[in-house]
């Protein structure tokens, strides 16, 4: 830290506690204004005089001044106060104009738009008021924050308004329709009820980024269009940042923190270049518009000017200032006339209820005269401007007729104001996106597509783009030559056979184009293109022998690999995204507008292109307030999704078709790290960890694929075995899907041997996990839970192992319970076999059974001898079913062959179970008859054709 002295002068008296003080320069650096929340007066200082001249004092408020705002041309000064009033003055004379609006609670922040025609005001009241500075009418109220608003900033072009509240939530408003462009929840520190500390957002002078105080004593930059985090400035601040301000050219930014430091940053280099330590916290700063100086004011009301803060060896903060012309009010705000008039009348009623002050506030009659005069003057000025351009505008009288038409037609419709206010909180539907694509960056290579197979990248060069296609495994795919892109493709999809590209519509002459490029073809000129008139391609996908494109007309167009137009389907809503895998195509569309809670309402449909069928349809599950960021198929073919809150879900046919959350970044995410999903399988998530809070990976250097274990968002259990519970649920899910595939394949007569082997291995692995959980339950005395786990065991030998385990742990009562569960399982198995596999006599006729039901023996401790007898009688049975297991259709197909190989009839087995001796002690359970076990194993070996009769745990 450089050693320098900065003398501060007292501008306002502050009591014992800290206050929030403000300081502003005018656009010519001739005057600066100061105020304090502990002082009802405003001081206008002479910025040109070298001597200390007394400031001009403005005394119109009844309580402390909490906020100041100057219009860009420095002709209007606005002030907000704890006395609930917003006042307007001429500047620099300080002549009072009017109480432009009132609140029911203290005001915290004010902001002018670029042209000075709108003033935004907010505070402890609900809602942000947009006030017409010409006539004082309230043109809109923006509602969406859940806490007092402490910061406001208009975008340089006047189309957007950024706001932040005490909870650290940022909302970006589109002023044309009053909807929220994006929401950044809890990204800034929570200031609570401390009114001397505020959160503030600040647009960069070029309008590309939004700077917000971060949670880690840093400044975080967000993208203007998407709200995605771009980068962060982190330096020597020891406590949270409480104020920030951009240099006029946007090359530098100054920040003040609760640690009483002011840091100067080089934004391009992302590092601090100078800092200054003060005696008190600096609560407001303002760059001098025409010099290398920064004015500061601390929490005690003392101000000073930090001269020559940017080193002379670096670019001056006044060089290269962006020249952005703000749009006129009528080009930005497209309000309904009726709503505008009703809100105006509502503001009049509020002012009538509050009463006029004694400081010279204008009456409403004078406001109307002011509005009439202003409209005429404004229209005359606009007419002269348009005449110079050779065009024309409506006359002033026509403009007045238009602005009052809604009021005349709907004289008594007072509900219109409330409808207008409610409409301002309408959230925006998510735009369409291509899975695996990154936003374009000028001069940088970006991804058009990135998946588990490979990637497609593009970079603009001399007016055209150069596209390159690479496979992660070079031996898996062919070498694809680079391509010159003359269309400006922004989306792509790749699989083993080819890749498809598309670009948006760029005017009437540049139509949206779809292009397919096969990797291998027996014929020349296999590439083909399609052009779309009057519609725009939003998303593309490809699969086995087909290419698909979804357009702005909600049309799903399916083409063959050769370019034949095969199918055209109308979708139910605007497309969000689409992805293909082999024969399947998944399409996500909007169902309706966003809910008032900012929840997206989406629907997915999975088509089988080769069969021309729709296999799945349902709603897309999302975390409340989040957006869909990725969709794809797992390696096993399960539809999967990932949202902006970091929750990965897999769609399963369980419970009639449901989404299961299999991963959440809330427990896995590291500091300053985001996960960009690429793919997944039954146990792992493949993603790219983006450092420094970047939302997308960079092409250079080549991103590294990160493998994360799937982890369900489980509740904290008293068992302390969350990893085992997570493993069990994942194995159950995988076993369920595998057995479902076995059933589906068996119904159509397809060989299922390989899948049955896989299912058996999963059963063994699942039982091992359950046995470990039983051990944990016994250690924590959770015996009821252990009994439930015993019932989930699939294989008979696993159940016997559980009995052995609890016996060794000296838990005889639990061993007795486990033994009874085993006996019930064996009886149920024999009873089911008697029903599904009836006995046949030598003539092939079904033998009628006298005993149709088997009475269960009393639940008591079983001997090893009786248990071995049961093993002997059930050696040829399939493994016992679990909650997830289904009866195998394939076994029914083999019924005739299996019936001829039975060594005993089912009647004999039932009688054998009934004759079990139940009087021996539990310790005999551990004694095994080796001869009987050998006989059982030999019996199992004879049935090796059934994969579910393999050797178990």
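Including glycine, each Cβ sits where the backbone N, Cα and C put it.
Residues or ranges marked as repeat 'WD 1' by Swiss-Prot: 15-55. According to DSSP, the secondary structure content of the repeat 'WD 1' (15-55) in residues is 0 helix, 19 strand, 22 coil.
The average pLDDT the prediction assigns to the repeat 'WD 2' (60-99) is 92. According to Swiss-Prot, the repeat 'WD 2' annotation covers 60-99.
Swiss-Prot lists 102-143 with the feature repeat 'WD 3', giving sequence analysis as the kind of evidence.
Residues annotated as repeat 'WD 4' in Swiss-Prot: 144-183.
Long-range contacts of the repeat 'WD 5' (192-232) within the same chain, counting only residues at least 6 positions beyond its ends with a Cβ under 8 Å from a Cβ of the stretch, are 17-20, 37, 66, 106, 108-109, 150-157, 160, 162-166, 168, 170, 172, 181-184, 186, 238-250, 253, 255, 257-258, 265, 267, 270, 283, 299, 321-322, 324, 439, 671-672, 674, 692-696. Taken from Swiss-Prot, the feature repeat 'WD 5' applies to 192-232.
If one looks beyond the repeat 'WD 6' (236-275) by at least 6 residues along the same chain, the residues whose Cβ comes under 8 Å of a Cβ in the stretch are 1-2, 189, 197-198, 200, 202-206, 211, 213-215, 217-219, 281-287, 289, 294, 296, 306, 309-311, 314-322. The annotation repeat 'WD 6' is assigned in Swiss-Prot to 236-275 on the grounds of sequence analysis.
What Swiss-Prot records for 277-316 is repeat 'WD 7'. Sequence-distant contacts of the repeat 'WD 7' (277-316) (same chain, at least 6 residues past either end, Cβ-Cβ under 8 Å): 1, 6-14, 18-29, 32, 34, 36, 38-39, 196-198, 242-249, 251-252, 254, 256-258, 260-262, 264, 266.
For 347-370 (among others), the entry in Swiss-Prot reads region 'Disordered'.
Feature annotation from Swiss-Prot assigns compositional bias 'Acidic residues' to 349-359.
Residues or ranges marked as region 'Disordered' in Swiss-Prot: 385-419 (among others).
As annotated by Swiss-Prot, region 'Disordered' applies to 851-877 (among others).
The compositional bias 'Polar residues' annotation in Swiss-Prot covers 853-877 (among others).
Residues annotated as motif 'Nuclear localization signal' in Swiss-Prot, with sequence analysis given as evidence: 900-907.
If you look up Swiss-Prot, you'll see 919-953 (among others) marked as region 'Disordered'.
According to Swiss-Prot, the compositional bias 'Basic and acidic residues' annotation covers 926-943.
Taken from Swiss-Prot, the feature compositional bias 'Polar residues' covers 944-953 (among others).
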Within the same chain, the residues 6 or more beyond the ends of the repeat 'WD 1' (15-55) and with Cβ under 8 Å of it are 9, 61-70, 72-74, 77, 79, 81-83, 91-92, 94, 195-198, 280-281, 283-291, 295-301, 303
By DSSP, what is the split of the repeat 'WD 2' (60-99) into helix, strand and coil residues? 0 helix, 22 strand, 18 coil
Tally of helix, strand and coil residues over the repeat 'WD 4' (144-183) according to DSSP? 0 helix, 22 strand, 18 coil
